[in-house]
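Visitor: Provided herewith is a single structure, encoded as structure tokens, for subsequent inquiry.
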Amino acid sequence: MRPALFLCPVLISVLFLLSSLSLISGCNKALCASDVSKCLLQGLCQCRPQEGNCSCCKECMLCLSSLWEECCDCVGMCNPRSYNDSPATSKSTVEELYRPIPSLFRALTEGDAPINMMVVSFPVAEELSHHENLVSFLETLDSQSQNISLPTSSAQDDALCTVVYFDDCVSIRQCKQYCESMGGSKYRWFHNACCECIGPECLDYGSKTVKCMNCLI
């Protein structure tokens, strides 16, 4: 009985905090609810930095891991942000996938788009014409990979870059897993939690425009 009695106040406080997530400015409830509830249940994010108590800040940051930047608002631990800060949709993280399967990606993106996804194709030349402005990378890119030149042959000029957007918001871990399961070559995860899987014909990192139907903000 004692463990149950001990857990009741914790569960009540967690449920109260989760119910108020959508009221917290900047809190992405769709992305953060699961991880935040896990960390709260472990008692790792329950101190109050705004009241001068940051005794749990380090443990909370480690618990939220790669979602810290996106979810710290949900636990009241983000530094105050300027209204002039760039929106999350303008920031993204990219990574090359270890074992792409081009034939699988093409098969899944030809014809009608799968449920809960949107397939977009555009010229490779258009993909390479934009200067990348990424906030972070999951891997180190050497100087040569950052200075990509436009293709010169007419065949490459006519090539299309095909990408897939998932309709709903997902975590960066889910984004990587989904794109790997589709045989994608790379992925781009926008900091508003929109996921873009990038096909084998793309020479850079696809489009830097958010087009996830239910995850546009």
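Yeah, the Cβs are placed from backbone N, Cα and C, and that goes for glycine too.
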Visitor: From Asn84, Asn147, pick the one Swiss-Prot annotates as N-linked glycosylation site?
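Guide: Per Swiss-Prot, N-linked glycosylation site applies to Asn147.
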Visitor: For Asn53 (N-linked glycosylation site), write down the residues of its own chain that are at least 6 apart in sequence and whose Cβ falls under 8 Å from its Cβ; none is a fine answer.
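Guide: The answer is Cys47.
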